[in-house]
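Participant: Below is one structure. I have some questions about it.
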Amino acid sequence: MILERVNGPEDLKALGLEELQLLAEEIRSEIIRVTAQNGGHLASSLGAVELVLALHRVFDSPKDRILFDVGHQAYAHKLVTGRKDRFHTLRQEGGISGFTKVSESPHDAITAGHASTSLANALGMALARDLMGEDHHVVAVIGDGALTGGMALAALNKIGELQKRMLIVLNDNEMSISENVGALNKYFKELQIRKWVQDAEKLGKNILERISPQLFGLVDRAKEAAKLILHQENPFYAWGIRYIGPVDGHDLKGLIHILEHLKALDGPTLLHVVTKKGKGYKVAEADPIYWHGPPGFDPKKPEKVSKGYSWSQAFGDAVTELAHMEPRLFVLTPAMREGSGLVRYSLEHPERYLDVGICEDVAVTTAAGLALKGMKPVVAIYSTFLQRAYDQVIHDVAIENLPVVFAIDRAGIVGADGATHHGVFDIAYLRTVPNLQIAAPKDALELRAMLKKALEVGGPVAIRYPRDNVERAPEGAWPEIAWGRWEVLKEGTEAYILAFGKTLRYALEAAGDDPRVGVVNARFLKPLDREMLRALSRYKLLTVEDHQRMGGFGSAVLEALNEMGLKPEIQVLGLPDRFFEHGAIPSLHRQAGIDAEGIRKALAAMGVALVHERA
Ligand code: HTL
Ligand code: MG
């Protein structure tokens, strides 16, 4: 095993080309072996193996800074930078992160997980380097998907102006999680043809004889490419950035050769590298969407597994049906068609569906524009990614009370993706925004009721639901919901647990059949059901949420009680004021003390010790 001899990137310098190529294969096997066990970003990482090896061969990390945008494609980087012995702990509690993380290794130049941050970070590093009189290289590796983000594009604008020495490696596999979108992406496809044209010319053959034109639509694309060559159009030049490429991202020799040359150049350079997502693993190459981030699988017999019926699918089914009834409904996603359960919707309502790319801000403000014209937009978005569009929620949607529905998926602790992806801030950041209402359903049926009603009540409404499975609700079921009203699920004589969404299950489990403890589905987080809260204030109260304790639902309840001049004995359970890393969701909930056991303990501390014990 060559990998055994690689304890740091310096060990790559001693390897010959053939050994490096063998190492690439060993690394692929290791990536497949470990993601088969733990789940993970398989296809993205497989596609970047040669690129990572070439970069570490040519540059000197950690002195030279190599930044990986999103950081999900960097498994090979982890393996060659001293983490091969811990690699089997990938994404597991106490193990290494699935993304690059500054506190994990000196070779991880940035902590990432959200897209499009590498270029601005690289610019900051280049500025600091020059001010400090240092001489190292700064290399940002960014995917074609991540480059659709406004942050990346705005950083390019500044990079081109300032002309600091840095290398941007565009890792173009024509895929985001699903097919990539956007005008730049189209342009890159045309540039790729140019590469094929050049390659074909090199071989002295006519490209159209070599590759079936029917298969690739090559005639048209080749014409386009010829036009580009003729006109020397290139947006990067307009930006002041030297463009080189496209080059084959799996040709180690070629990559090393060109990187050695680029190292000597001053100013900003973009190297356009073409890779294949899932490279070297047949199933992943054939279906890079599923294998982007699969759960565990059998490496000998890799198959798609159905993970059950998720909240995302429940949303997707509901919104698809609703759109048949409401012609003004329009759904937007920032690059999360599969994750948000929108595949069916996108097929049944293609004309009222938009994937804007990895730009949550654009998704929200485009929704505002649609709403201003009388449409009923639904922005399907993960809690963690809506953080990217906070000002747009306030400035473009809420001020004019526009009817935009936010379908907030992955709310709460999300598990193996860790600190960058937990959706534990949305209640806090949304509930301070005037006009905005926030709801959280207890099951798929309630989600349907809320979604339908949200389109009717007007103004912005956020509906949050967790990363979890849920029982399927019957097609065509649209129950009425008492908007703004909580629901008593279990009566109690001494104390009430106020919970919603995922924590309701814990609350019911903790309460068991103890007659003293009641459970309320506090499904409207803003405005709160003050009438019921007033009535419940005769009892001891315990609020529970899968969200930061600070500023969340419990805080809202405390504020409301204070405003009403009520002083029940009350405890607030939620996530403590620290970041949670990756781990299994139940385990993280246990640590946070918001699971059934945590609830029982809190009740006991309030003098309501529950006698029953559950296994
Ligand atoms: N929105 C933001 C701001 N950040 C992230 N990370 C996402 C959404 C979700 N996401 C990923 S990976 C990914 C998305 C959209 C696709 C990235 O495509 P790219 O890389 O072309 O950059 P590739 O996979 O190698 O093709 C994660 O959450 C991991
Ligand atoms: Mg990509």
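Backbone N, Cα and C atoms are what each Cβ position is placed from, and that goes for glycine too.
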Participant: Hey, TrEMBL has thiamine diphosphate bound by H72, G113, H114, A115, G145, A146, N173, Y281. Any idea which of E4, E348, E351, E360 it lists too?
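Facilitator: TrEMBL lists H72, G113, H114, A115, G145, A146, N173, Y281 binding thiamine diphosphate, and from E4, E348, E351, E360 it also lists E360.
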Participant: What same-chain residues, at least 6 away in sequence, bring their CB to under 8 Å of the CB of H114 (thiamine diphosphate binding site)?
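Facilitator: Result: V70, T384, F385, R388, T420.
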Participant: Roughly how many Å separate the Cα of H72 (thiamine diphosphate binding site) from that of D144 (Mg(2+) binding site), to the nearest whole number?
Facilitator: 14
Participant: What is the number of other Cβ atoms found within 10 Å of the Cβ of E360 (thiamine diphosphate binding site)?
Facilitator: 30
Participant: Within 10 Å of the Cβ of G145 (thiamine diphosphate binding site), how many other Cβ atoms can you find? Include all protein chains, please.
Facilitator: 29
Participant: Across all chains shown, how many C-beta atoms besides its own are within 10 angstroms of the C-beta of N173 (thiamine diphosphate binding site)?
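Facilitator: Taking every protein chain into account, the count is 23.
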Participant: Any same-chain residues 6+ apart from D144 (Mg(2+) binding site) with CB under 8 Å of its CB? Would you list them in sequence order, or say none?
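Facilitator: Those within reach of D144 (Mg(2+) binding site), by Cβ under 8 Å and sequence separation of 6 or more, are L170, N171, D172, N173, E174, M175, S176, N180, L184, N185, F188.
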Participant: What whole-number value in Å do you get for the largest C-alpha pair distance within H72, G113, H114, A115, G145, A146, N173, Y281, E360, the residues recorded as binding thiamine diphosphate?
Facilitator: 32
